[in-house]
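Working notes, beginning with the structure itself.
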């Protein structure tokens, strides 16, 4: 049943129709609808966050009598209070949204491009090329990500784009593996055989038949990749090996934890933690929603 | 016969991978800016010590000889000398490996046992509010970054209601008191288990999602299979029926277990930092801050071997459980 639908879709070959249908299927469930709305809201925050931040994120706030306003709880002036250096937490959260989301989107795109090219090449070309590529993927799976990133950053120095590059260049591996096995199945379908028999070139078949068939899955992996990238970036920020001058959500949690006042200055560490969790959860629920509509197998990152 | 060949093939690949990682590390650490011996001088070693080290590691020899010596030294568990502690790297790392292992193995194992039971229950009561809310609960715990989950638990259980200690493995006084005893002595202390509880709970909650959801899917799938209807019609009592169901449904979870063990090393680094747990993850971060290169190099190798062995275990399990893997082809498709 599923296959029939996919054949029809690929025959129509129109990506925009496919995307619209997938979205419609997705939004039928209430919980995925909620996740989708949440995600749009978060992206919107990232887009306008730095513009609507009430204060400069690095500005040290002073109380009426000229003292540094440290650890002040949420109030009308500072909706999420201030931190150990007297900075406005809400402003840092809003500015951090953009940095965090850009990391997620860029690293997620890098993962998708690498995973897709290697997965499709290995799956479609086959033979010796496939063995070499998949051994390479095996090798990548042997890399423990966080330790690897720590060591690399020690050598090349911490930087905003360094973090993105390291995440993207390592974590594409799960995409390559699953896309390859998917392409292996699609390759066996009659219309591809027919296209081959009628003399279609490999790039043409990949563009017209393979890519439209894995477009849904690629979108799912992009969502999961973005979530994964945000989690890993937060982790690296927490360890303290990312650019310390970009106020990402992970760095906020790190500072709060290091001050040892997580529980009594809850307004400082909870908002960034909750934002990361919400973003990842929304992406994750969308992914599950997709699995529910397409009947595809569980994906393990 | 072909199963034997499959195992031999996977073993060869695993050994080759470990070798490849060790070699890459050699190249990487030799390519890095600065000469190795000038680094040693920076670390405050005198000429005599350096000469001895250079002789042992052949630092003046051509690169290929250095490489051979590096590999042979590694094979005898000699990973060099720590800059920071002026002690053999292996002596420094070994207790840390034990500390990490006693945290992560029981925690992941417990996750899988509890997770499978939760997944079975979810799978048996399908289509209701219970199913939806349980799935969302386990997903929420997996969406909270593991280190933040740890911080939340500390905030709740050690800073707000004062039950558990915030960090470390033992208090300093106790550590000094039992300093001379073998490492397993601490397992008899209540204090150790109090320190153990929160990191253990963090790992368990965070990783619960995989076994629970996969067990649920598997239970749903197996429930619809005919052999179960047959057993039910035959009049098999419910507990026995459930046991049969779970045995069949647990296959995917069993193969996922070593994958989680392998991949847990990354999360472990973060959890060890949050809880100040003296394992290899914290050793790595501390060594990075101190630029203690021999330790960094070796800890990274340990982490890589950990992951590779985990993946190897998966391959072996596949080979045992699913005969199709070892019969048809060698590529583990």
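Quick reminder: no glycine exception, Cβ is built from N, Cα and C everywhere.
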Given ranges B:43-65, B:66-88, B:135-157, the stretch to which TrEMBL attaches the annotation transmembrane segment: B:135-157
Any contact, the transmembrane segment (B:135-157) to the transmembrane segment (B:253-275), with at least 3 Cβ pairs under 8 A: yes
Contact between the transmembrane segment (B:12-32) and the transmembrane segment (B:192-208) (at least 3 Cβ pairs under 8 Å, separation 6+): no
